[in-house]
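Annotation comment: TrEMBL describes 51-232, 251-304 as domain 'Anoctamin dimerisation'. The region 'Disordered' annotation in TrEMBL covers 91-121. Among the features that TrEMBL reports, compositional bias 'Basic and acidic residues' is placed at 94-106. Look at TrEMBL and you will find 307-896 tagged as domain 'Anoctamin transmembrane'. TrEMBL lists 318-344, 395-411, 487-513, 533-561, 582-599, 703-726, 861-882 with the feature transmembrane segment.
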Amino acid sequence: MHEPQTNYEIRLHYKLSVQLKQEKFEHDTFQLPNVANNMMDMDQDPRKRLCFADGRRKVDYVLVYHYRKRSSVRGSPSQHRLSIISNGSYPLGVEEKDQEGGKDEPAEVVVDVGPPDPADGEKIMIREEFEGNLKDAGLEIEHDKENKAHGHAFIRLHAPWQVLSREAEFLKIKVPTKKSYELREEKGLAATMNEAWRKLNQPFQPKVPHQEQEHSRTKFLSHCFSRDKLHLQSSQSLFPGILRCPLFCLTGITTLIANGVYDSAFPLHDGDFHPSGQAEGKNDRQLLHDEWARYGAFYKYQPVDLIRKYFGEKIGLYFAWLGVYTQLLIPASVVGIIVFFYGWATVETNIPSQEMCDEDQNFTMCPLCDRACDYWHLSTACGTARASHLFDNPATVFFAIFMSLWAAMFLEHWKRRQISLNYSWDLTGMEEEEEHPRPKYETILLQKRQRKKKNKKNKNEVVTLNVFLPSQTGHEKLTWRDRLPGYLINISSILFMFGMTCSAVFSVIIYRITISALMAMSPDPEVKSNVRVTVTATAVIINLVVILILDEIYGMVAAWLTELEIPKTETNFEERLILKAFLLKFMNAYAPIFYVAFFKGRFAGRPGDYVYVFNDYRMEECAPGGCLIELCIQLSIIMLGKQLIQNNIFEIGIPKLKKLCRTLKDKERAPKEIVEQPGRRQQWHLDYDLEPFDGLTPEYMEMIIQFGFVSLFVASFPLAPLFALLNNVIEIRLDAKKFVTELRRPDAIRAKDIGIWYNILSGLGKFSVIINAFVISFTSDFIPRLVYQYMYSETGTMHGFINHTLSYFNVSNFKPGTVPSISSLGKDITFCRYKDYREPPWSTEPYQFSKQYWSVLAARLGFVILFQNLVITMSMLVAWVIPDVPKNISEQLKKEKTLLVDVFLNEEKEKLQLIQSLFSRDLTQEQQEELKVSDQTSLSSSQTAQYNHRDRFTWICSVCLKDC
């Protein structure tokens, strides 16, 4: 009996010592639960804004629902309904007092004749059960008094220290330990350059308190939080924002909101965002507003660490990615401006433009339409030719190669930045958590089980009790057969949407053809002279309007189609939704641009054999200067229009309209005789008036589509990076202002990367190489000029290039009814010219493709292959040269692993020494004498006793550690 008693005393003593250390740690670090949560702002009155009625416990999360009561009368205080449920803090029968005035408040007796609607009674039961589960999970709850006939009731939740520590341990959240080390100090030229760069960047840094501490040379080791190792963790360690909102206890809240049990659920903002006092006295929301969400701070870097602290890792990564993308647009914009000015500087010396503008050349061109159009001189298109040279010059090829390499460098730079953020935010080694199935998935799975059970009953008539045990049905899941109808609807709907987009593009083509023909028939010479400009501008504007309308439709269709697929988890749902929305919006935004770049003018035919639409209208042709200038106009107007209207005006106007509609709806639903006093509105009332957060998908989608404009057709519009840069400078502050002042505070979500968006960016980067190769080869005149200069030019120059690209047509070969009815150039015209490589009418094979055509086609295809292989090889070289993990971070990770092993080895050593000292005290005098005698025996017997002694210690240690 003596030995078990000794073991029990050892375990008890050890557990008491650990408990004392834990209590001391909690007292030093977390003097109040709200301090542990990093949620008490001492500069504000906690009783008025952010706390429970006791003024101590901070409100972590808010649930809102709408209630209705049949009747209510004033009565005795002893009969009123309990309005505050706080896990037993306020017992029944206790008279409530006004927190502000401290006076007794006449209680209100609520006479519930019964819910006016059976559905309301069911919702009340569901709410009571759900809130009971929250209290069972350890959360503390506070209710509003229902002192109106009907209105919104707010339920405040508070997660105490015990709940936070439990969930932090379960989620394996890393916190700093007491062990620290000094980072290696750079010396020499690198240190000097870094110091100079830091001083240059100092004016652009946001003024955030404690920012210098984050860049100090001292680094604390981080380890997963453990309640058994509180004595090892730093007294300054606080839980991150992921534990600010108790989502770990709110599983199913999305379903309850969808079913109308609750109206909304959200964490609170940290008070008002208007500045007050010095920077040290501001809360995080005020700091974000002053240093991030103001347009006056456009030149400053974003406080990414503060964004992550306030909104969580997922939103922090989005703004960090947007910042990296915007920064790297600066060199791309500079190079694009240089390319544009190169074209502007060389336009006067460009020989093909000079030949087109030379009236002495007297190139008589064939009519642009049947009967109504006259012959015309090529010199009248001088302005178009000069404008085309601004974007179609040798520097364009260099810029296309540069932008392809830029896309590769951007992705590699973001990977390094992402890993740096993961390291500084203690996300390295974060494991993927097993997600709870979506409510709709579980509902359909339950319906499947019920159908299976019903079919089994109908088949056997008698069902044994053990057929559908949970152990047998728990492994069921939805198969491809269950999802087959959804997949078929998805495929057919996406094809239908693609067809709708192509129909919209074709409708605009018909508009261009018909308006061109009608304007050509006009007797007004000014109208005739401006046909091409008018038609192009109006058609692009129509395209822009159609794109904006279809974008909104496709967003809703993508969400509906994703629901039909019945994804199991929210991550699967989000990825499938993003992929569908991207495909539909990509097709919608780029279909008109693809048409101009690769199809316009390719199937128009030739004089005497044109292709007609509806047997009346000729297919449109490219401008005399080529289709590249039209592609530039199309791209610039659509890009700028989407950025100005959709990305900025819609983002500002639509949320304000939604807020106005919601306010008017609440006023109509609220009783007229009750007027709420504005002075008593709490923070949860103010936050409820804000717009709910709908996710980051729209924000990412805007930037991804813009990235496509910047990278895919950049060869035709070198100024695209510049306009994207200007838009993003405004977009960052606009999004920041929206998140800080206009949206409810989003739920903090842990994330290590930007997810499927990186794969989309990588795919666009590779696709841009192919697109730019074809744009340079087939849309611009770069390849025909090279072929002419090195194969057909007698002097090795570009003189005679325009004449080389124009073919002859005998006007007597026009079909009846297509000859110009009235010609101002006279009736002595025998031949007219048109842009193509075809045999002349006096050839043995008139109007067939000439040898020059096949030479140019072979050169174009060869350039596509050469360009693709060259750029892809260089991109792979860039990705290989730039390591994904920065060298300093890889070294620090290795060093921290070694130091952590030493810390835990020392801890285990201290535990064994404590147990050994306790065990030696319990030995009797006889046992100590026996040990002394055994020490004087032979070496072999001494070793045997020592091993037995160690075995005993090992057994005791295992028991103690298991109990603790």
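Including glycine, each Cβ sits where the backbone N, Cα and C put it.
Shown for the domain 'Anoctamin dimerisation' (251-304): DSSP residue counts in helix, strand and coil, namely 21 helix, 3 strand, 30 coil.
Tertiary proximity for the transmembrane segment (487-513) is limited to same-chain residues at least six positions away from its ends with a CB under 8 Å from its CB atoms, namely 480, 535-536, 538-539, 542-543, 546, 550, 554, 557, 561, 564-565, 580, 583-584, 587-588, 591-592, 595, 613, 617-620. For the transmembrane segment (582-599), the partner stretch with the most Cβ pairs below 8 Å, chosen from 318-344, 395-411, 533-561, 703-726, 861-882, is 533-561.
Residues 486, 489-490, 493-494, 497, 500-501, 504-505, 508, 511-512, 515-516, 519, 577, 580-581, 584-585, 588-589, 592, 630, 633-634, 637-638, 641-642, 645-646, 698 of the same chain sit 6 or more residues outside the transmembrane segment (533-561) yet have a Cβ under 8 Å from a Cβ within it. Count of Cβ pairs under 8 Å against the transmembrane segment (318-344): among 395-411, 703-726, 861-882, the largest is for 703-726.
Within its own chain, the transmembrane segment (395-411) is flanked in space by residues 324-325, 328, 331-332, 335-336, 338-339, 342-343, 710-711, 714-716, 718, 721, 758, 761-762, 764-765, 768-769, 772-773, 775-776, 780, 782, 867, 870-871, 874-875, 878-879, 882, which lie at least six positions past its ends and keep a Cβ under 8 Å from the stretch. Outside the transmembrane segment (861-882), and at least 6 residues removed from its termini, the chain residues within Cβ reach (under 8 Å) are 400-401, 404-405, 407-409, 411-413, 416, 765-766, 769-770, 772-774, 776-777, 783. Note on the transmembrane segment (703-726): residues 322, 325-326, 329-330, 332-333, 335-337, 339-340, 391, 396-397, 399-400, 403-404, 407, 582, 585-586, 589-590, 593, 597, 628, 631-632, 635-636, 638-640, 642-643, 757, 760-761, 764-765, 767-768, 771-772, 775-776, 779-780 of its chain, located 6 or more positions outside it, place their CB under 8 angstroms from a CB of the stretch. Taken as a whole, the domain 'Anoctamin dimerisation' (251-304) shows an average pLDDT of 83 in this prediction.
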